Each structure stands twice: as C-alpha cells, then as structure tokens.
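Visitor: Got a structure for you, questions after.
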Amino acid sequence: MTPPIEIDLISDTSTRPSPAMLAAMVKARVGDEQRDEDPTVLELNARVADLLGMESALFLPSGTMCNQIAFLVHCRPGDEIIAAANAHVFGSEGAGASALAGAQFRTLPTANGVFQAAEVEAAIRAPRHRSPRSRVVSVEQTANRGGGSVWPTATLGEVAALARAHGLAAHMDGARLPNAAVASGEPMSAHTRGFDSAWIDLSKGLGCPVGAVLAGSSGFMEEALFWKHRLGGAMRQAGFIAAAGLYALEHNLQRLAEDHDNARLFAGLVDGAGGVAVFPAEVATNILFLDLTHCQLDAGTVASRLREHGIRFGVEGARRMRVVTHLDVSAEQVRRAAQAFTRIVGGG
Ligand SMILES: *Cc1c(COP(=O)(O)O)cnc(C)c1O
C-alpha cells in the first residue's frame, strides 16, 4: 500500500486553504458576480488593478482563461504570438490560442524562458500579405519551465516598448508574478509597466483554492468581459472565492520569500548527489528542476521510491524531475524530502 502524500512538491497548486483563509471566505459579502453585484469580487478586482498598475481587472476561474481571453482580445485569426518555446501558453493550454483565437505561435528558443527585445525584433514579420501578422509578445513571469527564473524589470520594459513601437500588444502570463515581485523586491506594477494585459494566479503560491485575475486598460476589459461571458467564465456568488484572494494578497504575498528560501535549501542539499544536477544553478524562486542524466535511476523509478515515503515530486521526462515549494511545505519537510531523495539516488 502506498502511503498518503505527506510532502507534496509536485506544484504550488497543491496547497489547501488554511483555517484563517476559510474563515475569511465564509464571512464574505456576496452578490451576483455576473451582474457586477458581488462586492467582494469588485474589491478584489480593484485591488489587483491597483497592484498591477492597470486601469481595470477581472476575476476569472483560472489562469488559462486569463491567457486565452487576452489572446482572443488581442488577436484575429491568422495572427502570430511571439513567446518562449517553453511557454505555458504554447505547450500547456491545449493549443487554446490556435483552437480559440485562431492565432499561431512564433517561438523563441531560450535557456531559462527569458528572451531579449532584440530577439523579439528579429522575430517580428515584415508586413507582407503572404506573412502572418505579428500581433502579440507574450512573456511568462516567472518562467515556469525556465526553472522559475525572474525576468529583470529592465528587460520587461524593453520588450514592452519594442512591442508598442511595432504595433504589437504586450501580454504577461503572471501566474507567478507575485513570486517575481518578492524575489526582485520590486512591486508587481514595476514588472507590468508598459504591458497591455497581465494577470496573477491566486491558486499558485498565494494558496487559494481557485481563481486568477486578469488586468488591462478599460478598453481591453470591455472586450475581455465579452469573452468571459462567451466562454462561460461569468460566475454568481463568486465572492466566497474572491475573499480567499483578498486574504492571500494580505497574508500570503510577502511569505513567498520562505518558499524561495526552501527551494534554495533543497537545491543545496541535493545538488551533485548521485550525479544529479540542479537547474537553475542559482535557484531564483520556488521552482527547480533535477537533471538525472548522470544518475543510475530514471525519474519514474525515483518518483515511485519517493512515493513510498509519502513524498511526491513532478516527473517531467525520463531523466527530469521538478520540485516546487509552497506554503504547505515547511523547511523541515523540505529537509526530509532532500534526505529521502539523496538516499534513493545513492548520494548519501
Ligand atoms: C499554472 C500556470 C498557468 C495556468 O494557470 P491555471 O490557473 O492553472 O489555469 C499559466 N501559466 C503558467 C506559467 C502557469 O504556471
């Protein structure tokens, strides 16, 4: 019998609402969200618009819906989105941009999910009737498959300015923008400056059970609202879940630094053990990858041995695992996970 999962490092989505968060949810004032009558949702939208330095914001069920609505607003069929080859919008959203907005991707190879304005410039198509129309530049802060790396705000500003100069929209998948803000010490609005649309996930490091908030100009939001209804994203007494978001922005934002510390702690304990290499070499936030190329065991075997100890990591490939820290794993649990892992791979 496999024991229950006690230390879950598969993703920062595996958090459960804390008793205090649940208490805030139960107390929420609610109304019909679809009629703009839910005061808690309206408060959350205003709070996120303010944090992201945008005119307006919109509560949605998921981050994926935020990305898809943004592309639906920015693109017409046949348009092209420039994004990193390892971007979530390209590889992990069921090809939504092409299936829904009719857009295609032009992907940029990157080491860590971060690209430069000059690379975008080289990828923008010359306006010709036989070419796709370059329409959006999409960045991911932090870059998930880039090992949780943080885009410097200067690079983000250059990319946004270049997009504007060429008549493209700049979009930020900010699933972990809160992590980037805490890691860099610069507010979220410093990261989104110059962007046409950006969003944050409530259900990742912030620890909420559900939800994401998409922000942009009021003109963008008029169109986004239309798509929210069309896709079935409009809700009713959604204030109960928006209350979790407000609670999280108040209590769970600054503490993300602990998750970053725990990820660094883990990396320090396992790097080199049994031939395992940690990527990135300098862990930036709460995500890291384990390269098992030079290890005797493959990722699937290591994962099932870990499961026997009630520990779960992500399996990303035959020789690649992912570890994500979050508010439901303590430093002590991270130490235990590292110890179990090094023992399994024969490093100690
Ligand atoms: C999780 C994630 C998403 C999608 O968010 P959901 O709320 O799970 O739909 C998008 N982009 C990145 C980088 C993510 O990590």
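Keep in mind that glycine also has a Cβ here, set from the backbone N, Cα and C atoms.
In TrEMBL, annotation is done automatically, which means it is predicted and not curated.
Annotations per TrEMBL:
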type: DOMAIN; residues: 8-291; note: domain 'Aromatic amino acid beta-eliminating lyase/threonine aldolase'
type: MOD_RES; residues: LYS204; note: N6-(pyridoxal phosphate)lysine
Visitor: Can you tell me the three-state DSSP label for the residue listed as 'N6-(pyridoxal phosphate)lysine'?
Guide: coil
Visitor: CB neighbours of LYS204 (N6-(pyridoxal phosphate)lysine) within 10 A?
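Guide: Taking all protein chains shown, LYS204 (N6-(pyridoxal phosphate)lysine) has 24 Cβ neighbours within 10 Å.
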